[in-house]
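Student: I have a structure I would like to understand better, so I am pasting it below and will then ask my questions one at a time.
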């Protein structure tokens, strides 16, 4: 009986500092938790083992599989297959073509002409996509789409299925990359102490050190402005996603 119990005992799962598992650990986990409904990393309970395994792939794994056509990344090969079926080979296949169209202003490449045209508006300053609620205008369609989601969130019309929930504190986010930043910043274990000012920093100590050196290593390829960080947020002002 003792031997039988030892064989069926689930070994502990090792994670790195960010709570992510390696490929081998993911494989072992898939075997050990094939019948379990509790996540072995964060102990969150799901209604089925398949949902729990999907949660592990999407939340605790950093390994992403890219689409070989548009390079968009997914948590599993099945998600890539479904994406290609729906987007590249489905009814919308003409909208997303297998192309690398380069912007002659800055060299950024896009998979479709429509995306390139939206991007060109960021160079010309045109904002053709107008919100029918508040009349804010955007140069890119995705900027307007993101803006409209905020209206739906405020009015309570946005369902939880259209948002991303933190598995630790249950806070909801409109976009997945913001959820990832939240998990790293709020729930991350790493904490660095600045040797210059003594401030405790969660995340990259190198970025904090720029405030002491005055260095601005990030440069916007559109307007030439240099900055210490938040280049992605700055780029939204050119795409029209942020006024």
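Along the chain as shown, the residues are counted starting at 1.
Yeah, the Cβs are placed from backbone N, Cα and C, and that goes for glycine too.
Residues annotated as region 'Disordered' in TrEMBL: 1-20. Annotation source TrEMBL lists domain 'C2H2-type' at 37-65, 65-93, 101-128, 164-187, 218-243.
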Student: Could you give the number of helix, strand and coil residues in the domain 'C2H2-type' (164-187) as assigned by DSSP?
Tutor: 11 helix, 4 strand, 9 coil
Student: Is it possible to list how many residues within the domain 'C2H2-type' (218-243) are helical, extended or coil according to DSSP?
Tutor: 9 helix, 4 strand, 13 coil
Student: Write out how many residues of the domain 'C2H2-type' (101-128) are helix, how many strand and how many coil, based on DSSP.
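Tutor: Secondary-structure breakdown of the domain 'C2H2-type' (101-128): 12 helix, 4 strand, 12 coil.
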